[in-house]
Every structure is written in C-alpha cells, then in structure tokens.
Amino acid sequence: MPKLEIYKNLFLDKIGKNFTNLEISELLEPFKAEFDGFDESSGKIKIEFNDTNRPDLWSYLGLARQIKTYFFGEMPYYDFFSKKGDFKKFYGEILVDGKMSQIRPFIFGFLAKGLIINDKMLETLIQFQEKLCQNYGQKRRRIAMGMYNSNFIKFPISYIASSPNHKFVPFGMDYELSLLEINEKHPKGLEYSHIIKNFDKFPLLLDDNNNVVSYPPIINSNNIGSLKVGDTDLFVEVTGIDFEATLLALSIAACDFYDMGFEILPVKTVFREPFNLDFKELVCPYYFQEEVEFNVENINRLLGSNLTLERICLSLKKMGVNSYSKDFKNYIVPPFYRNDFLHEVDVIEDVMIGEGLSSFNPELPKAFAVGRLSPLEEFSRNVRNLMVGMGFQEMIYNYMGSKKDFIDRMNINDQNFLKVSNPMTENYEYIRASIIPNLLKSESVSSNFPYPHKIFEIGKVALKNLDTTEGTSTFTNLAFLMSGKEISFNEINSIVATLFYYLNIEINLIESKTTFYINGRGADIVIEGFNIGGFGEISPYVLNNFGIFIPCSVFEVNINKLMSRS
C-alpha cells in the first residue's frame, strides 16, 4: 500500500489551519489513511494508505484538498480542463507516430509555469511521481510520468517508434548509449526494460530540434529531462497503455501543480494513422469521466439508513462530488481528479464516508454459523504444501487478462474462453481458461533472476459449458512452470511422478496434441479414462511470443476432477 512522507508545515499551510499530530491522525481516518509517525529532525509526517482506489490523495496537496473539502466545505474547481466539444486553447503539440498504437499508444501532457521550484517542492514532486508510477502505474507498465524544464524543449514534440540503435545521453550518465544498451546497462533499463523489450521498436520522445527528451517509460535525457531547484517553466507528460488511466494520472498531476501555485497551460496530442480511436486529437488536461446514476432507495437499503436526497447530496459534496437530478433520476459528477466510480456501490461508499461512520448505529449479526474448510480447500492445501516442499514458489494472478496473452501468444483458439461484453480495457477482456499464460508472463519478466525457475499457482479458471444453466463452468486448477537450460520433458515428468506418488493417485500418460507443446514432448494425464490435464515442453514459437529465450516446461491439472478420483 502507498506510504507517504510529507513536510508537516507544507501540509498544514495548504490546509490553512494548525493541528496537533493526534488531530491530523483523526483528519486522515475518513480517507483510509493512517498517521504513522512524525520525525522531528526532518519535520516530516509519515502516512500509510489502506487501499489504492484514490491515487489523487498520494501527495500532501491531494490530501489537503480532500481535507479542506470534507471538513471545511471548500470545493476546488479547475478551469483548465477541456471537455468533449469544448477544447481549451493549447500552447504546444505532441505528435504521435501511428506505429506507437501497438507499443505504448497514449501520451498526454501540459505546461506548468510561474513558480520557482525550491528544495522541498522538488522533493515533493519526485515523491508524487514515484508513488503514482509505482503504485497506480504498476511499476511504470500501466502509466509513467516525465517532468522537464520546458525552456529546453522546442514544440511540437514527436512521440515515435524508434530503432533500438538510436543513441542519446541518458539521465545520470555523460556518454551516449543506444536504446538497446540502455536496456542492458543502465540501472533503470535493467529495472524497467521488460515493459517494452519484446517490441521491434521502442518509444522515444523528440522535440522539434530532434533532441531526445526521454525514452519512456525507462529514462529521461540527461540534457533535457532533469528538473532542478530554480526551474520555473515545466513540461509534464504521462505515457501509458490504458487510455483512462493515462488521462487520470495527468489530471491528478495538473490539479496538484495548480494547487502548488503553477499556472496550467494545455497541450494538444495529435494521433496519426493507423490509430483506431474515436478522436484524432485531444487537448489536455481533459475531463473524460462519466456520470453515474444513483438511487436513494438503494443507498438507504445498503446503509440501513433513512437519508433524504438532500442529505445524500451534502454527504457526496464533502467527498468533492457534485450531484444533480434530471427526469426523476439522480446522478453524480466525478471530480476532475477521480475515476473510481465504476458502479452505484462506489457512490454509496462515498455517501457512507461523507455521512461519517460514527453516524451509523452498530448492529449485531442476525445470523450465526460456524465455518470450516471445504474438502476442495483441504485437498488444495495438501497439494500446495507438496509443491512448496518440492522447491516451487507460489504465485497469485488476476483471473482476467487480454486476448493477446491468453490466446494469441499461446497459439490457440478462443472457443473455450469467456469474453467480457463491456470491458473497461482490452487488458482485462477475457476470463482465463488456463493458468499457464500467467506463468509464462511471469517468466518473461524474470530473466535477470538465477535459474532454474520453479513457480506454481492454485487458482480458478472458467470455461464455456453450454450444458449448464449459466453456460459456464468454474474449476480450481493447479499449474506449475519450470525453466532453465537443463529443463526438459524428463525433468518435469519426474516432478509429476513425485506429486502423484505423494497424492497416492495412479495416472496414465498419452501423447498430447496440445499446440503450445513441442511435438512429441507433451503428455495428457488420464485417470480412469478421464483427461484431467497435461504437461510438456513449451514450443519455441510460443516462447518467442512471450519474449522468453530459455527452455520452459509446464504442467496443469483440474483439481476438482483430480480430487473426485483420488
């Protein structure tokens, strides 16, 4: 969970009132944040958040904004946001190469002017950038932010798909390296190059003088890409693979810079062919959030309350959320810096927090029951202990993913996969039917760790099944992966034999026709005439799709079927 260290004097100055440490702790409670101490020598407060839904709070500016709104009724407003059909005047352009649509497609930016950066401000900006990129940005994979002295940049800026051999001086060095060399030698390249290394070309940001601004999301240019104390004019950009996440990160940054005292000047992004978007250009910061409908009866039913519409609107306003009624329906308008309202339940949560938890009377549960582990869970725990005992490390993955990872890279068809009809992003478009793609994706970013690699997961998978009422079936699977120069079919066969020996289950093996195995090096596992899974060596074609350059063998079985025949 995100942790902040903020200067107490800056924090209180921004709130406009003085508070003791105990009072600050109480101010933080509604926002799922905890006061974690005060260092008198540095003058810093330590704060830890208990969830990641509100990245707008991960700076003293965002926290102060929310506290002033909640406790003192000061609703912020920002007049520099463009909206659909109402673009603001822009002061620079970013031209996006069409080839970036398949690499890291989105980039948006703004200019910030009129304030001289001092030591504490610079430290605050760097911490904000780090928290946003590491947590909300999923260690720069989802989004990454860059900040520059705009006086050294000539607009328009070009965001291009560059040759890996393009050279520039990266931040922290005094000599040129190619993009490929940065991936292999620079500390930031070693840490983050896995995000883009599987592409033939890499992202590059150039100004109109053909000077390198940065190599996102890896490293800035040493000549342009460093902020210093005394700088006054800044260019801020965010790149990413998720349209809304990239826009939101930029919006949060713009609001924070404005609250710090900067003037915000919009910048236009122009997308060139073959981008398949509903728009060709966007002036940012841009308000993209959708209104969410809510129902008074639903709110009172879930909260066990009897709130009026007026009271609900006041509670929402304390959270910075405006609301209105039209045609006998009620809607909320998310703030510029928030996009965490995915469902009416999220609105209800804000009403609850705005109302204050202490205003709800505690009630004892009306039903009581004693739980126990299900037979499936007991069996799974036994299997888990065996895997750990054989030297495997357990992984935990998301059940949803992209067509690219689950289907295309695996060289299989999608006939058994469940597709989400209205996905928020194509990265979470399918529900997994196998754990193996998750294991391979982990392996693809683990080449810097000593071999052999031995990882496993016990988790849910879902498949189409037209014989059921729902049209789907959900199972618990066990899957593991072994990788290394010496890993072969014989190695994994030995592990499989050991596993089933300790489970006291007899199995039969038949040659597998699975397309992602090397021909002749895969086996299906059969018990009492039923196929429950298989194992084998992954084909070089599939390994290459994932950017893996060392032999891998995988295993996967259906634990439900396995347990029923044990």
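Residue positions begin at 1 at the first shown residue.
Glycine residues also receive a Cβ, built from the backbone N, Cα and C atoms like all the rest.
What Swiss-Prot annotates here:
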DOMAIN    287-362  domain 'B5'
BINDING   D340, D346, E349, D350  Mg(2+) binding site
Exercise. Tell me the Cβ contacts of D350 (Mg(2+) binding site) under 8 Å, same chain only and six or more apart in sequence, or just say none.
Key: S315, L316, M319, V321, I332, F341
Quiz item: Helix, strand, coil residue numbers for the domain 'B5' (287-362) per DSSP?
Solution: 33 helix, 13 strand, 30 coil
Self-check item: Other same-chain residues whose Cβ falls within 8 Å of the Cβ centroid of D340, D346, E349, D350, the recorded Mg(2+) site, in sequence order
Solution: N53, F341, V345, V347, I348
Quiz prompt | Other C-beta atoms that fall within 10 angstroms of the C-beta of D346 (Mg(2+) binding site) | solution = 17
Quiz item: Under 8 Å Cβ-Cβ from D340 (Mg(2+) binding site), six or more apart in the same chain: what's there?
Solution: N53, R54, P334, D346
Quiz prompt | Neighbour count (Cβ, 10 Å) for E349 (Mg(2+) binding site) | solution = 17
